[in-house]
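Residues or ranges marked as transmembrane segment in TrEMBL: A:21-46, A:52-79, A:86-106, A:112-132, A:189-207, A:214-238, A:244-268.
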Amino acid sequence: MMGLLVFKEKLKQLYGKYNRYMIPAVKFLLGASSFFLISSNVGFMARLKNPLVPVVMGLVAAVVPCGVTAFFAGCFLIAHVSQVSLEAALIIAVFMLVVMMLYYGFRPGDGYLLLLTPMMFFLRVPYVIPLFVGLSGSLVSIVPVSCGVCIYYIMMYLKQNAGVLAGSTMSEMAERFIVIVQSLFGNQLMWVMAAAFAAGVLVVFLIRNLSVDYSWSIAIIAGVITQLVVIFIGDFYFNLPVAIGPMILGILVSVVLALVYQFFVFAVDYTRTEYLQYQDDDYYYYVKAVPKITVSQPDVKVHRISSRKSSRHEKSN
Amino acid sequence: MLNEEKIRIMTGIAMFEKKAGRDILPASRYFKSDYVGGRMIRSFIFYTFSSMLCLALWVLYQMEDIMSTMDVTALLASAKHVALFYAAGLLVYLAVTYWIYSRRYERASKGMKIYQAKLRRLEKKYEAPSVQGENEEERRV
């Protein structure tokens, strides 16, 4: 434990020293991997499939806000999809515009969730997102998280049905449009996952704000159980194609990641909790003070004491 | 010679501007009713435009049914439903907008007071040496 705390202090120092470079580096990684995932999954336009495109867009993402990167990624996705189906591209464009105007009009500053949520789906640990958002974000972040879930399932639909959409014999545009709308918005798995994530964020957020010991750990466990319960209820009612094994593995990894996050952000010692009570003219105060776990980084200095020198000094004396 | 106290205050002001300036400075230019009203008008436009986009998608989705039946009474009933949904959604959205921007304005007003207090402290620091200099000149005379 002590070793981990020292490691945490070292990381904090490192971040303090190099945060000027670290933040753009993280934004570059997020941007480049988002564009890479779009290209590798729904890369229908040959010109945009160039491997340099994610690198260049990552460099752009390093200097612009995450919301702008999400907008560029959306345009990139629409450009790819338009090669296969103009109708699908139109639906995605409307979806994007509506989210941008109705939610991002308030400038909430959580545009990165639109990129991060689908990315975690591709990394098989999507259940970590509601835990992180509930622990450190606000309730309104349910909107970008749910939109991120929709974006992932839209991408999956396009990936699996690209051949059908491109070589479709349906001559009528309206007919094609109806089929795509029904497939995209009639995807019960997408809605169940969005509901599970929204419920997860809500439960984690509510529990971590309670004044009980180990509230963050309880919130993580409760958040995971909530997600599982909602997915199982959805599975029971709609008979969803959910693979239990990978889901359990993903949930376990998500819990571990959330506990690591808790260690770095909220390390407190509940055994040394102080309960204080005092008053002023207007109020009585019942205060619970929980000390943070902090250690100072060991400052090791090695002094070399030469035996020859000391013996000479002794002789001279 | 560098005045550390001044540098500390100026750094504090610059950090405050960087962190909170984006929300505080626009709000400080208006009365609350103007600020919130302006944002509500913007929300109304955004909501109406979004609704029109969704309506266009819905019309495309229902195009075959609409063209095949061409029943005016059924179309009017659908239009009524759409208008009802639009109005209900608009009310909720405008209420959310009012709540969010009222809170932001109040937070910005508090922030502005802190910002002005910091500026006054800095101003005093600039005035202090000049007042001292004037006193010394008076003594010489």
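Placed from the backbone N, Cα and C atoms, the Cβ positions cover glycine too.
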Feature contact check the transmembrane segment (A:21-46) with the transmembrane segment (A:244-268), CB under 8 Å, 3 or more pairs: no
Stretch of maximal Cβ-Cβ contact with the transmembrane segment (A:86-106) [cut-off: under 8 Å; candidates A:21-46, A:52-79, A:112-132, A:189-207, A:214-238]: A:52-79
Leading stretch by Cβ pairs under 8 Å, where the reference is the transmembrane segment (A:189-207) and the options are A:21-46, A:52-79, A:112-132: A:112-132
Residues of the parent chain within Cβ reach of the transmembrane segment (A:214-238), under 8 Å, 6 or more residues beyond its termini: 127, 130-131, 134-135, 188-189, 191-193, 195-197, 199-201, 203-205, 207-208, 247, 251, 254-255, 258-259, 262, 266, 270
For the transmembrane segment (A:52-79), sequence-distant contacts whose Cβ falls under 8 Å of one of its Cβ atoms, 6 or more beyond its ends: 24-25, 27-36, 38-39, 42, 45, 89, 92-93, 96, 100, 104, 109, 111-112, 114-115, 151, 155
